[in-house]
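Taken straight from TrEMBL:
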- 294-321: coiled coil (COILED)
- 479-497: compositional bias 'Acidic residues' (COMPBIAS)
- 498-507: compositional bias 'Basic and acidic residues' (COMPBIAS)
- 554-569: compositional bias 'Polar residues' (COMPBIAS)
- 611-620: compositional bias 'Basic and acidic residues' (COMPBIAS)
- 376-469: domain 'BRCT' (DOMAIN)
- 467-519: region 'Disordered' (REGION)
- 544-569: region 'Disordered' (REGION)
- 609-654: region 'Disordered' (REGION)
Amino acid sequence: MGKLKQKGKAGAAINYINRSQALKKLQISLADFRRLCILKGIYPREPKNKKKANKGSTAPTTFYFIKDVQYLAHEPVLQKFREHKIFLRKLNKAIGKREFSIAKNLEQNKPIYTLDHILKERYPTFTDALRDLDDALCMLFLFSTFPATDKIKTEIVTNCQRLCVEFQHYVIHTRSLRKVFLSIKGIYYQAEIKGQTITWLVPYQFSQQVPDDVDFRVMLTFLEFYQTHLGFVNFKLYTDVNLVYPPKLDSSKDEGAAGLGALIIETTNNLVGLSSISHDSEIIKVESNNTDRKAESEKRLKTLSKKLATIKEQVESTSEIQPSIAEKSETTNYDDSAEIMDEFTEQNNISQDQKHILSKIYTYRDIQTASVALTEFENLFSNCIFYLSREVPRYSLEFTIRAFGGQVGWDETCGIGSPFNESDDRITHHIVDRPTLSHKFLPRIYVQPQWVYDCLNIRKLLKTDPYQPGDMERVEVSNEQEEEESSNEENDSDDDKPEIRSSHDKTIVNLPIKVNESDNEDMIHQMELEAEATGISFSKYQEQQDRLAKRQKTQSTNNTKAQQSSIQTVVTGKKRAAKEIEEKEVKELAKIMMTKKQKTLYNKIQYGKKKQQEKVENLQRKKREIISQQKKRPTSNNDDDNNNSNKKKTKHRK
């Protein structure tokens, strides 16, 4: 006989632990436990059977894996939390006894912890850290716009601003921005870094009001981890591109709201980088880098044909050893030009699976065209010099334009550090968001900010005519109006022609009902003469015109009433659908908030209602069948009576 299984000694009861038991085991408070779980990335778990996990109890509790709690027990940060508690107790005791020298010494020796080891544990590779960078960037950009309050310190806001600007400088330096989208929430950016697409949201730079109903303790613990996360990522990205990290900060420019220009980016060779020099030198440096890259690629292409020839000779030598494979392969003559070396001949003796695999293989020519298109896209605004007006969002446009090789200048009221003034002759595009302009410079193009974002998303420079200041809405509306007017004129020209029939000829004369004031009187007189020629007097012609006008008025009123009724039905239908959707959502939310007992009871009630409805439907169906049978019975009875009477008659005759 095997061992008897005891209750609560195996299965889910061992694998899971509730929160109160975890707090007793770790001997910390609930706030510290939450902080530790957020930093370590440990979240509550939902067991398949809560009753078994809770040892028979059905009370609502939160569960954790017992292995996770044991993992937390060996965390060095937990020891630092305990030391911090002891430090606070000693500090309060010293202040209470007015021993200020002891309190000062305690403050200087305050326990400090770092999250570097936690970051290495959670992200063993750099690609893992990049994949999880979206939430970190969103949180840091959010807190960089917050004002300093009792809950949010100024040090946190300034650190967030610095980390965000450092990341933006890397995106500008590597030209890794791909998409921008403006929404109500803010501006969405998408960049491609090390093969990973990173999307983040930047709020608009308005005065933010800190809400009172938000628990900032939880958000600040997340922010604490995200700051170290982005700091590590920025360090790795900067060192990979041979840039000095952390970059130096120009305090005078930072105080003057210079934005991205406040940081001085330097290379590891002690050469001043992109942001410290003027934008003219930036473009020259980028162009020189591009020319060097092109020269290197051309050299590689020239030597590539020779390498392919040597590879071909090696393949032919191996084909002599394997004649069966060599007979199937088709020989191709390679030229020294780079155009022919990518053309592959079709092989007939290939299975369908192999063809499917080969169809997905990209050739060298495809890679080359994609790389050329990408370089053109990265240098989209390299030949453009922009000037930003005061009403335009400078922080967004400066980042997007510089990320694609453009030069940007702005008004002095927006901030210091502009490389050129408004009257500079080099400016090609002036970005304005006003309906009218008092003064214009002739050689430059005036454009709305949407033109920059549309060019970026479509990956080419668009025409500037639809994006002129104050004309974008007018152009769209005018086009729609022109289409509507042209369609209305065609309908009017076809429908608004009354038919006048003479009693003698039965000919039809098409005449317009309404004549514009701009038409000539000769035309009106000519139409009247045509009506008289058909045998209709002038008085009858006028009566027919009046009748037709009345008919059209009544038809138009009927059409408008029908349209209004149809619109009302559609609106009521939409309202009903919206109400039904809202009711369903409310029911679903109520179900989520129910306990397990309430859910079971609710399901039983719904099951009973369904059964009752099925019974009612069955009874109604039976009633319909009985009524239909009763309707058929009289005809059948009459037929039976007629048959019986005929039989009696035949018997009587016999």
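Backbone N, Cα and C define each Cβ position, glycine as well.
Using a Cβ-Cβ cut-off under 8 Å and counting only residues 6 or more beyond its ends in the same chain, the compositional bias 'Basic and acidic residues' (611-620) has no close neighbours at all. Confidence for the coiled coil (294-321), expressed as mean pLDDT, is 58. Per DSSP, the secondary structure of the domain 'BRCT' (376-469) breaks down as 24 helix, 14 strand, 56 coil.
Residues in the compositional bias 'Basic and acidic residues' (611-620) partition by DSSP class (helix H, G, I; strand E, B; coil) as 10 helix, 0 strand, 0 coil.
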